[in-house]
Amino acid sequence: MITQNACAWELININSLFEKYIEVEDTGTLTMQPFLNQWTGHINGTRVAGFQTLMTMQMFVDKLKWYYTPTIITIGLLGNLLSVIVFTQTTYRKVSAAFYLAMLAVFDSIFLMTLLLIWVSNFGFNLYNTEGWCQFTLYASLISCFMSEWCVVAFALERFIILCCKPNLAKLCSMFRTKFLLIGLMIFAVCFYFHHSWTAGIIQLPMGPMCSPLPNYMKIIQILNIIDILVNLLIPDLTIIVMTSVITIEVIKRFRKNRLLLRSSTSRSTQTNNLDTENEPQPTRHESDVSAALSEIERKLNVTRLFFGTVIVYLICHVPSHVLRLKMFLTSILDPVNLKMSFSDYTFQQFFHYLYFTNFGIKFFIYVTICSAYRRGMKEVGLNLYNKIHKALYKRRYHGEMAVNGHNSTSIEDQDATLASLIGSNNQKTEPDATRNKQVESIV
């Protein structure tokens, strides 16, 4: 049966095979031959009424394959690289939630690179359909898909513990436990998907070699596919939906409570200011309390915004494809002999797979849009990079001038010290102080 983990294989091969195996019958309808038998088991000929509808859909899919796929790969790799830098090289590197998002960007990038390897096979670089590269690409894509989904689950679990459980349980969300959990998930994924190194291989078809599960191991693959549906589809999706619903209710309650407290504090502050009519107005204690409360709420909401943005994108991009996969899985159980792929299923499958791939490349835009802390992190990265380039250029220029003028090494060291003090004074304006570090750590 067609699996979600086969999405990378389907993107390249299904479109080319679809065109090669369409025949016009005497009745004027089109029959799609069982070109997916090696992967799906038994797919009877699917009748497609309407040549014009078929060709319109196929042209749209081809445009997505040729233009949308490289676009989302390029944008995704650049955005994920910047996300990794922001979450690991700025003041947010000590926040456990930021580590989840950094690893999520890493695994998303790995998947996009495997997708790129498959996409370039359209231009003659057909490494994917060669022995060795086939198993490696499939293995890497499966692990990255699994880890990407479970990073979101772990992120949701952390937010659930912090927002909805007792305060003493928040200590479970430490950086050490975060790394330990992700290492455990990684070990499981490496072991569970290792069977693809010997159950997948190259099958010779009339149009050429194709990377596919080997027919000799189809029974083993079907059993493992059931486990994969549980650990890579049902459990992650249900867990995320349930925890997100509970977190949403809790956040709404806290928002209403904080809004009432702020209104009460603002009212008392206004009354205090009205009593002081003789002296020049000065900031009151209540005003300071309100300002501090607003700042604290904003800091705590930053990670929550990142969570909701990540989860919403996940649900929009993943759930439709997962539902279709589950439907096909249940159909294969109820009628394993006469499994049919309808034209509507094929159409939705193509569209949902491109939607699925989109999730791996657009998180950067979500972070920039909804999280001010992420934008500050980008600014910090940019300023640090500018300072490094600025210092390197000035050192090169000064050393070159002094070499031409015949200055000794002592003068060079003096110039280095002067330059370092100059750059250091500039860094003091851009680097966050200790207070900001503590505030960032208090996000979680």
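Placement of Cβ uses the backbone N, Cα and C atoms for every residue, glycine included.
Taken from TrEMBL, the feature transmembrane segment covers 66-87 (among others). Same-chain neighbours of the transmembrane segment (66-87): 11, 93, 98-99, 101-102, 105-106, 108-109, 112-113, 115-116, 119, 122, 354, 357-358, 360-365, 367, 374, 377-378, 381, counting only residues six or more beyond its ends whose CB sits under 8 Å from a CB of the stretch.
For 79-367, the entry in TrEMBL reads domain 'G-protein coupled receptors family 1 profile'.
If you look up TrEMBL, you'll see 99-119 (among others) marked as transmembrane segment. Sequence-remote contacts of a segment are chain residues at least 6 beyond its ends whose Cβ falls under 8 Å from one of its Cβ atoms, and for the transmembrane segment (99-119) they are 8-9, 11-12, 65, 69-70, 72-73, 76-77, 79-81, 83-84, 87-88, 93, 127-128, 133, 137, 140-141, 143-145, 147-148, 151-152, 154-155, 158, 175, 178-179, 182, 306, 310, 357, 359-361, 363, 367.
The feature transmembrane segment is assigned by TrEMBL to 139-160 (among others).
TrEMBL lists 180-203 (among others) with the feature transmembrane segment. Among residues of the same chain six or more beyond the transmembrane segment (180-203), those with a C-beta under 8 A of the stretch's C-beta atoms are 38, 100, 103, 129-131, 134-135, 138-139, 142-143, 146-147, 150-151, 154, 209-215, 217, 220-221, 224, 227-228, 231.
Beyond the ends of the transmembrane segment (223-249), by six or more residues, the same chain brings 1, 3-5, 145-146, 149-150, 152-153, 156-157, 159-160, 163-164, 192, 195, 304, 307-308, 311, 314-315, 318-319, 322, 325-326, 329 to within a C-beta distance below 8 angstroms of the stretch. TrEMBL lists 223-249 (among others) with the feature transmembrane segment.
If you look up TrEMBL, you'll see 266-289 marked as region 'Disordered'.
Taken from TrEMBL, the feature compositional bias 'Low complexity' applies to 266-275.
Beyond the transmembrane segment (306-324), the same-chain residues lying 6 or more positions past its ends with a Cβ under 8 Å from any Cβ of the stretch are 4, 7, 97, 101, 104, 149, 152, 155-156, 159, 233, 237, 240-241, 244, 247-248, 345, 348-349, 352-353, 355-356, 358-359, 362-363, 366-367, 369-371, 374. The transmembrane segment feature in TrEMBL is assigned to 306-324 (among others).
According to TrEMBL, the transmembrane segment annotation covers 351-370 (among others).
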